[in-house]
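The annotation domain 'G-protein coupled receptors family 1 profile' is assigned in TrEMBL to 46-297. Among the features that TrEMBL reports, transmembrane segment is placed at 28-53, 65-83, 103-125, 145-167, 202-226, 238-258, 278-299.
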Amino acid sequence: MLIVNFNKTDFTNPSTFILLGIPGLEAAYVWISILFCTMYDIAILGNFTILFIVRMEPSLHGPMYYFLCMLAISDLVLTTSTLPKLLSIFWFNSREIEFSACLTQLFFVHCFSGIESGIFVAMALDRYVAICDPLRHSTILTNPVVAKIGLAVMLRSVIFTLPYPFLARRWPYCRTNIIPHTHCEHMAVVKLSCTDIHISNYYGLFALSFGIGLDLFFISVSYIQILRDIFRLPTKDARLKTFGTCSSHLCAILAFYIPGLFSSLSYRFGHNVPLHFHILLANVYLLVPPMLNPIIYGVRTKQIRDRLLQLFPH
């Protein structure tokens, strides 16, 4: 059993960090690891299946499915950047992580979370054009435009995320090298510093507000316009059918943003929330959306569902 002294003060700048896991839930590690491993396997299988189906089916070579492939790739990177290390903690008690590897993991987690959020904005744009201006959909969202949107989403997230590891590397760490978490989350790392970290804290809030916050704003504006057009349709069946084309996207948005916002805000302001709850919520945010996205789109999207059934002939 690992004995940890959080008040350790004779520590110099680290070459390695120790990831503590989920303090207080050590007795449940086996069951938690089985659950997380199952979710990870479903996420890997589901997202690779989406990529395979879109690649093999020419009728799916369109903007919505290209954005869906970007989402699948983002999900694969997001889960793979944290889950293998988490499982090594649970199964092999392998808690050490190099300082540079920790900062790399930190970058990937926050960068691809931002990319995923940006992709949801792009998908909202696709739904807006498809419903509000359907005759121009194919001329507005051409393949080069889709590629440029994907590149812009990636570059924006990289630019927003780079200050995280840059600032974390600048701070002196003289208290402890023990991170009470399953992965190198930004605030979990910088809180170990023995200097004023207000810059990191304020920048994190800025990135959250102007990254995720603006994304939510643009998604909301898109759906307000979409709903206005839907309610102008003459029949209830037409309204339900049109709204049904957005249902997968809305479900995926809720699965991504709700645990993400709770995780980020509770870590900064939820001082009375138990530590293990913070950590579990952070892992739910990184695991549940990548697991659910291919299921949501596989079940709700007829073209993908039909192509998937063709792979398993009766």
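Glycine too: its Cβ is placed from the backbone N, Cα and C atoms.
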In contact by Cβ distance (the transmembrane segment (28-53), the transmembrane segment (103-125); 3 or more pairs under 8 Å):
no
Recorded stretch that, among 28-53, 65-83, 145-167, 202-226, 238-258, has the most CB pairs under 8 Å to the transmembrane segment (278-299):
28-53
For the transmembrane segment (65-83), could you work out the same-chain residues 6 or more beyond its ends whose Cβ comes under 8 Å from its Cβ atoms?
36-37, 40, 43-44, 47-48, 50-51, 54, 105, 108-109, 112-113, 115-116, 119-120, 122-123, 126, 143, 146, 150, 153, 182-183, 252, 283, 286-287, 289-290, 293-294, 297
Segment confidence, the domain 'G-protein coupled receptors family 1 profile' (46-297), expressed as mean pLDDT:
90
Are there residues at least six beyond either end of the transmembrane segment (202-226) with Cβ under 8 Å to its Cβ atoms? List them, or say none.
110, 114, 117-118, 120-121, 124-125, 127-128, 131-132, 156-157, 160-161, 163-164, 167, 186-187, 246, 250, 253, 257, 260-261, 264, 268
